[in-house]
Amino acid sequence: MEWLKLIGIVIIIVGFLVKIDTIAVILIAAIATGLVSGMDFTQILATLGKAFVDQRLVTLFVLTLPMVGLIERFGLKKQASNLIGKVQKVTSGRLMTLYLILRKVAGLASIRINGHPQFVRPLINPMTQSALRTRYNLNQKDVDPKDIDKIKAQTSAMENYGNFFGQNLFIGSAGVLLMAGTFKSLHINVNAVDLVLASLPIAGVTIVIVWLNNILFDRYLDRKYGRTHKGVRNDE
């Protein structure tokens, strides 16, 4: 009978194979597992409710995704592209460097902007692509799909660099407090301020290295798409 408690796994596998609604499959699997384990229906609901409340922060994050999807559906990407399309001097590399700096400042101020799904995909990525098309007066079909993929990768990397090397710039961040507490438990005289000060040079070095890399990326685009296209300005 102990094997019967694994029925939830079977339900999930079958549900995914036949492409039934994911949330419904998971709920049915959870209820079925609880029933075969000897739990009454009220206890199952109480357990599910407790799990929901305990993970409410994750749930709140997930609830923002449909909103982002709706905003994208009704023109966020287009408006972001149009905005950059009006600025001739901006390049893809400069825009990505600007976002990296913004991400560092957000980390310093402990502002969580939930990078990839809520900022990079709907805003930074289309704006960077628009900067490329505007600078070289290109249409969407003129841009090499490989370069589109490179821009997607680069903009995602900006988020990773900014978040990873910027999250410890705030003295009250979870990472800083965790490390300070660990050092204290090991009787090592290192406090939160010391950790932030040690993180500052790394954040600065990251900005310089990524800035240089973005310059090289701009030069790569320059060589490929040329400076003779209509609309390109000799501003460098």
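Even glycines carry a Cβ here, placed using N, Cα and C.
TrEMBL annotations:
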TRANSMEM  7-37  transmembrane segment
TRANSMEM  57-76  transmembrane segment
TRANSMEM  164-183  transmembrane segment
TRANSMEM  195-217  transmembrane segment
At a C-beta cut-off of under 8 Å, are there same-chain residues at least 6 beyond the transmembrane segment (164-183) that contact it? List them, or none.
103-104, 106-110, 189-193, 195-196, 199-200, 202-203, 206
Same-chain residue ranges lying at least 6 outside the transmembrane segment (7-37) that approach it to Cβ under 8 Å:
43-44, 47-48
